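Copied from TrEMBL, the annotated features are:
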- Gly14, Ala15, Gly16, Lys17, Thr18, Ser19, Arg120: ATP binding site (BINDING)
- Thr18: Mg(2+) binding site (BINDING)
- Asp36, Arg60, Gly82, Arg139: substrate binding site (BINDING)
Amino acid sequence: MNPAPNLVLVGPMGAGKTSIGKRLAQRLGLAFVDADQRLEEVTGAAVPLIFEHEGEAGFRAREAQLIAELMLGSAQLLATGGGAVLSADNRRHLRERGFVVYLTVGIEQQLERLARDRSRPLLADGDRRSKLEALAEVRAPLYRDIADLVFDSDGLAVATAVDRLVLQLQSQWQRAEAA
């Protein structure tokens, strides 16, 4: 049993962090926070626009500040952006105050889920498969490194994934009171 005040979902784009996260938070009585969406609310700019004007480094700096602030809270489910784990500080914050669930998904499923999504700056140009494979090569070890639980969302309907996650979390995560 791993006590933590927050539940955190990490994983690649298309793994279901937002869609699964919303329903899972509802089932567990947690506030749902999508890091990218919150960043857009705070800055007043869409993620692709932040990438366009500040580059990935500017976006990552804003993301790191937001994650540090969010992780001070409790009783929330945080769905991170896929690249949040690139920062050692982010990984530390997520690990210290969150029970981290790594949602895995295969490239084929990612391509299917992201087929009509044009809001992903890292997939804007070129071969999506190659980009997803390159991202996975760098990020998968980082996701695994901080994960308390690895959950394969590949091929699962959202409701099924939520049901299975609830069962696994009941035996592995104990919501700690905020310190």
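Placement of Cβ uses the backbone N, Cα and C atoms for every residue, glycine included.
Mapped onto this structure are the features recorded in TrEMBL.
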residue	record	CB count, 10 Å
Gly14	ATP binding site	24
Ala15	ATP binding site	27
Gly16	ATP binding site	27
Lys17	ATP binding site	28
Thr18	ATP binding site	15
Ser19	ATP binding site	17
Asp36	substrate binding site	22
Arg60	substrate binding site	18
Gly82	substrate binding site	21
Arg139	substrate binding site	18
- [ ] Give the sequence-ordered set of same-chain residues, not counting Asp36, Arg60, Gly82, Arg139, with Cβ within 8 Å of the centre of the Cβ atoms defining the substrate site.
- [x] Met13, Glu63, Thr80, Gly81, Gly83, Ala84, Val85, Leu86
Open item on the list: Run through Asp36, Arg60, Gly82 for me and report the binding-site residues whose CA is within 10 Å of the CA of Gly14 (ATP binding site), in sequence order.
Closed with: Gly82
Open item on the list: What whole-number Å value do you get for the CA-CA distance of Lys17 (ATP binding site) and Arg60 (substrate binding site)?
Closed with: 18
Task: Whole-number Å value for how far Thr18 (ATP binding site) lies from Asp36 (substrate binding site) (Cα to Cα) - done: 10
Task: Between Arg139 (substrate binding site) and Gly16 (ATP binding site), the C-alpha gap once rounded to whole angstrom - done: 16
Open item on the list: Considering each pair of residues in Asp36, Arg60, Gly82, Arg139, all listed as binding substrate, report the largest CA to CA distance in Å, no decimals.
Closed with: 18
- [ ] Give me the Cα-Cα distance between Ala15 (ATP binding site) and Gly82 (substrate binding site), rounded to a whole Å.
- [x] 9
- [ ] Please state whether DSSP places Thr18 (ATP binding site) in a helix, a strand or coil.
- [x] helix
